[in-house]
Amino acid sequence: MQRVNISTVSEFILVGLSDAPEIRLLLFVLFLLIYLATLAGNITLLVAISTDSHLHSPMYFFLGNLSLLDILCPTSTVPKMLGVLLLENREISFFGCLFQHFSLIAVVGTEIFLLAVMAYDRYVAVCHPLRYLSIVSTKLCAHLAVGTWAAGLLNSLLHTSLIFTLSFCGPNKIQQYYCDIPPLLALSCSSTHSRELVILAVAGVLGSSACIVTLVSYIYILLEILSKNSPGIWQKAFSTCGSHLTVVCLFYGTTICTYVRPSSTYSPHLDRVVSMLYGMLTPLLNPIIYSLRNKEVKCAVKRVISRVRSAL
């Protein structure tokens, strides 16, 4: 048999946003402002939760974890994207791509599980308000938080090992602004069918489990509201659950559109738009949604801002 000389890819080229040179500077300024606003909003929320005694409860503990994830999510992709836009440095090493992919999938997976845990927390708050602090104890909060982060990391480890043990020997241009699953599968020169099935199965099982927990929690909340039907209960329930429900719909919708589908339906241009929704806009909107919907958070954030102003 004749040997075929196949070169192994040692780096990738990110071409997701660099194919529009006429608006590159405008995109750089826009995404830099979004990134800085995201950091400012989530850091402010984290400081407010950690320093204000009124916010030392299970709900705000999980909200603090969500803010941390919303800092890590754009941080794993946006700095490199800004470098591509400003310096035209489109190359990313194989191991740099691996680390970026691992970080992003870990954060996204952890956030999916965390939103399910937050839904359970809202169910206990609405359906068992008198026993809320005894059910959702400090110990349980710690266990749930560690469990969500561990599940997200293990999920990411599995996905990363499945993707980066493939052979990459042909084109190395990633049609995205970061190293994501669909464009990497499209670049592989080995068979990806079996791994796609595993990725879809794992994502489907874990994602469906988190969705079921969230859905069942809100079904019980709805049944509890309908059974009491007392004046003002709808408004009270909406103030308790409205922010979380808004975040769930925004995050789940975009991630499902990106990951829970076969690679044959991959569309570079559509995927860029969808990935920006959950990778940049969702982390930006989350602290705004919780601040606008929650008076306690709003007051705590105002106190943090006033302390920063006085310090400056």
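All residue numbers here begin at 1 and follow the chain in the order shown.
Each residue, glycine too, has its Cβ placed from N, Cα and C.
If you check TrEMBL, you get these features:
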DOMAIN    41-290  domain 'G-protein coupled receptors family 1 profile'
TRANSMEM  25-48  transmembrane segment
TRANSMEM  98-120  transmembrane segment
TRANSMEM  132-154  transmembrane segment
TRANSMEM  197-223  transmembrane segment
TRANSMEM  244-261  transmembrane segment
TRANSMEM  273-292  transmembrane segment
Tertiary contacts of the transmembrane segment (98-120) (same chain, 6+ residues out, Cβ under 8 Å): 59, 62-63, 65-66, 69-70, 72-73, 76-77, 80, 92, 144-145, 147-149, 151-153, 155-157, 159-160, 163-164, 178-181, 184, 206-207, 209-211, 213-214, 217-218, 244, 247-248, 251-252, 255, 278-279
Quick test of the contact rule: Cβ under 8 Å, at least six residues beyond the ends. What residues does that give for the transmembrane segment (25-48)? 17, 55, 63-64, 67-68, 70-71, 74-75, 78-79, 81-82, 85-86, 280-281, 283-284, 286-288, 290-291, 297, 300-301, 303-305
